[in-house]
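Lifted from TrEMBL, the feature list:
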{"type": "TRANSMEM", "residues": "6-25", "note": "transmembrane segment"}
{"type": "TRANSMEM", "residues": "32-53", "note": "transmembrane segment"}
{"type": "TRANSMEM", "residues": "65-86", "note": "transmembrane segment"}
{"type": "TRANSMEM", "residues": "107-130", "note": "transmembrane segment"}
{"type": "TRANSMEM", "residues": "136-162", "note": "transmembrane segment"}
{"type": "TRANSMEM", "residues": "169-191", "note": "transmembrane segment"}
{"type": "TRANSMEM", "residues": "197-214", "note": "transmembrane segment"}
Amino acid sequence: MSSPLILTLLAGSATFIGAIFGVIGQKPSNRLLGFSLGFAAGIMLLISLMEMLPAALAAEGMSPLLGYGMFVVGLLGYFGLDRLLPHAHPQDLMTPAMPRPRNLRRTAILLTLGISLHNFPEGIATYVTASNNLELGMGVALAVALHNIPEGLAVAGPVYAATGSRSKAVLWAGLSGMAEILGGVLAWLILGSLVSPLVMGAIMAAVAGLWWRCRSMN
């Protein structure tokens, strides 16, 4: 198994760590969860603009027009998906009023879709970045993992409190982490034969735009 794919798997699995913490201990305050999510998202925004995009623009054969154009394509692509797909966010469950059991299934489904919508491009970003620059890819994977831990906890804690089922809480939180792994595996399957530095740079620029839009809306 390649190093970029291993990094993607490890980053995606961090959601399970947060989910387990959410069902075996006392739930942290919403303020702490919000700070953790915001701090990690800020790191990811900086990486997308200060590391991923410059690395994409430095790819062999890359022109500024193509690089910035692909960045905008990724940005607009995520904006369209966010508008079209029904979903919820972790902060939707970070409220004093817990969801009622009869509404939990719908809430959990929408929340899982929302986090999966964020995590899928993160898996692609981790794999593509690590394929271009392993050191930068390790930084991306670490930032993603730091974000996934409180994200998994934010989902699992309320679901567990509402249902009393640890397995359901870990399942709903873990499904969103699987979307990240799926994104990395899909990138590995599709990009396996596309080894041109220009192609990888263009994809990396698009992923940087997608990732920036994803986390700036969080």
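Each residue, glycine too, has its Cβ placed from N, Cα and C.
Residues 2, 4-5, 8-9, 11-16, 18-20, 22-23, 108, 111-112, 115-117, 119-124, 126-128, 131, 144, 148, 151-153, 155-157, 159-160, 163, 199-200, 203 of the same chain, all 6+ positions outside the transmembrane segment (169-191), place their C-beta atoms under 8 angstroms from a C-beta of that stretch. Only sequence-distant pairs (6 or more apart) were considered; of these, at least three Cβ pairs between the transmembrane segment (197-214) and the transmembrane segment (65-86) are under 8 A, so the stretches are in contact.
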